[in-house]
């Protein structure tokens, strides 16, 4: 006979299964809506200015004539447009530099929620700039949107890494990459002439920025804060237990709480360290070097530069100008598909193989692209191969390098080091982004079709470094990952006896229990 329960037989057995295996709905909601108001907006802003570029430049010229009675000069127009595009990276750098302080005050979830204010303000400035006849509003809006993205790309991966159980930490972390790619694709779709890519509608492209931010504001307040943050930094064990229970969908979270306690006992300093302390700390030196190298390769591997060539190659292939926006959608679609596949396989394949494969494949296809570009004038079908190489480069990037650097930044550092680590990683990310935008036109002018060989060197160097230095981190605790670097950092790994002494020194009641057990054994 089946035991009676309050739910009835079928519902009761279903509830029992949920308690045993966990209900991931809360965790998935946090990952999706956290990413929607953060990384999605970053991706959207990477592509949204492409479609209305001509209309925005015309608006700048019209405003200039109304103010000064003459058309804007060519050099001034180029300067204003360059500032409009590049100031996004400056804002991102400012956001990355401030994130450590904001997270310390507001926590992970609180930072994501407060960050939405930047997105809403930026949306208002960007969408109302034309009506106010102020191109300054567009430039300031892009700066503020950059600040939003700089904060989001640090706070979100940190939040996702801390709320996820270790066996799916990589998959949950890849929500960041997937939503970036989805944001890029959405910007391309909405920028089509049939939708918002028209002279009378382009400002609505920026109005859309407020929608994901408002959706996050409606959902995220009802989801828990990071349980690791609550336990290790706020000393709120009851709150951490409730957060674990909701995220994992089960009542018994003693194992997860003990894992966090063990990490806390193993740390020399439970207080959040500063950036300067992180830079000086020998215990995390190679973790820091690894993150700097990986994040620099993330930006310097050449994906941003590939967009310079896409439309030109499509024109060489004979595609009409009016269908180029539709063919360009394939880049966003491939990007999103590759990111989703990476998120599905990351826990089976691991972080290290996906990173090495991604950078190595990019180096291969950049090399082939260089060959094809040099022969595209002499062979009629060569531009088609060049375009296939572009799609392959994008897919290779999103298979690993496009999202895993953010996952690794959260995994390679224990709780007290994590905010400072994300601040450094974000700074490297945005400085490298700015450097590519600044230097690539000069590289292109000097090397012409051989300019992609620079990125081949970056990708190969990154692959070699990761192959030699990076340990695999899948399904490991943060403490285990730190110990993986102990040898290369020349930090002695504590023996089991030393670990027991540490535990006993922190928990005196446990020491008394052990002494009682020893006495009982000696009496026999």
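Keep in mind that glycine also has a Cβ here, set from the backbone N, Cα and C atoms.
Range annotated as transmembrane segment by TrEMBL, chosen from 384-408, 484-508: 384-408. Feature annotation (TrEMBL): of 48-69, 202-223, 224-245, the stretch labelled transmembrane segment is 202-223. Between the transmembrane segment (110-128) and the stretches 140-160, 172-190, 202-223, 288-308, it is 202-223 that has the most C-beta pairs under 8 angstroms. With a cut-off of 8 Å on Cβ pairs spaced 6 or more residues apart, the transmembrane segment (420-443) and the transmembrane segment (288-308) reach 3 or more such pairs and are scored as touching.
If one looks beyond the transmembrane segment (202-223) by at least 6 residues along the same chain, the residues whose Cβ comes under 8 Å of a Cβ in the stretch are 26, 29-30, 33-34, 36-38, 40-41, 44-45, 48, 51-52, 55-56, 109, 112-113, 116, 119-120, 122-124, 126-131, 141, 145, 187, 190-191, 196, 246. Most Cβ pairs under 8 Å with the transmembrane segment (353-372) belong to 384-408, among the candidate stretches 26-44, 288-308, 323-346, 384-408.
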